[in-house]
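Everything on this sheet refers to the single structure shown next.
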């Protein structure tokens, strides 16, 4: 019995506690974001960042209620592990919405890089809508069936659960590989002194993309190889917090680029740029900040030096 609890309730409790810690990190990053970027558009501040934080708050409340259900309400009753409280079904919905929100943001970034006919953004959007449909179905059935029998629920909807997980991995890999591809294209056309900046962006994209993709793959493997324990469910509790922290780290990274002493060569001369009229022809759709000025880069346009991050203010 003790061994069974270690691999079920014990593992689940660890996953939920880690998720709670990561929610604290999300909250800290949201605070840092609002402090450093008060001029970003309201859509970014309220719709994306604050909206995502509210989803994470709801998810955290739901999963903590679930562990309370197992460890307090049904203390000493191992049969309780055979069912799932309704809050777990709600957590699945919030989990899916958080993931799709993050993927939608990065898909928009790909759109900013892409040229017509926008095949990659369209493909990524299709994957997101497929996830949304699958998550909605899983959540509705979880509320109805899982409260009666978690085993029956997994037996009936295992195929859809696995489909959802693979769709997420496919979307993550598509997004991260596309961003790296487009950044690498711009690297080949960039001035020598800007290559280091682009390399840094590529490294960040690879690191964040690998983390979410690998966790998704590990989750699938854990489910397929040991579905009788709750290791996969523990990972499932942690994943949305990883997605949220990935997005916020991406957005807050602008501050570190802003404070970096970046020098750009212009017409053979190198040094910090302070003349706002200078432009460098390129199509990179990112924003690179220096301590003195901001390089605002838009799709198909130029590098312009401006004191305000207009791209994020106008999104």
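Placed from the backbone N, Cα and C atoms, the Cβ positions cover glycine too.
All TrEMBL annotations are machine predictions without curation.
For 14-34 (among others), the entry in TrEMBL reads transmembrane segment.
The annotation transmembrane segment is assigned in TrEMBL to 46-70 (among others).
Within its own chain, the transmembrane segment (82-106) is flanked in space by residues 48, 51-52, 55-56, 58-59, 61-63, 65-66, 69, 124-125, 127-128, 131-132, 135-136, 138-140, 142-143, 146-151, 153, 164, 168, 171-172, 175-176, 179, 236-237, 239-240, 243-244, 246-247, 250, which lie at least six positions past its ends and keep a Cβ under 8 Å from the stretch. The transmembrane segment annotation in TrEMBL covers 82-106 (among others).
Residues annotated as transmembrane segment in TrEMBL: 118-139 (among others).
The transmembrane segment annotation in TrEMBL covers 159-184 (among others).
When the domain 'DUF6534' (169-256) is classified with DSSP, helix, strand and coil residues number 81 helix, 0 strand, 7 coil. Under the heading domain 'DUF6534', TrEMBL lists 169-256.
Tertiary neighbourhood of the transmembrane segment (204-224): same-chain residues 161-162, 165-166, 168-169, 172-173, 175-177, 179-180, 183, 231-232, 235-236, 238-239, 242-243, 246, 249-250, 253, selected by CB-CB distance under 8 Å and a gap of 6+ residues from either end. As annotated by TrEMBL, transmembrane segment applies to 204-224 (among others).
Within the chain carrying the transmembrane segment (230-248), a Cβ under 8 angstroms from the stretch's Cβ atoms is held by residues 7-9, 11-12, 14-16, 18-19, 22-23, 25-26, 29-30, 33, 48-49, 52-53, 55-56, 59, 63, 91, 94-95, 98-99, 102, 105-106, 208, 211-212, 215-216, 218-219, 222-223, all 6 or more beyond its ends. Taken from TrEMBL, the feature transmembrane segment applies to 230-248 (among others).
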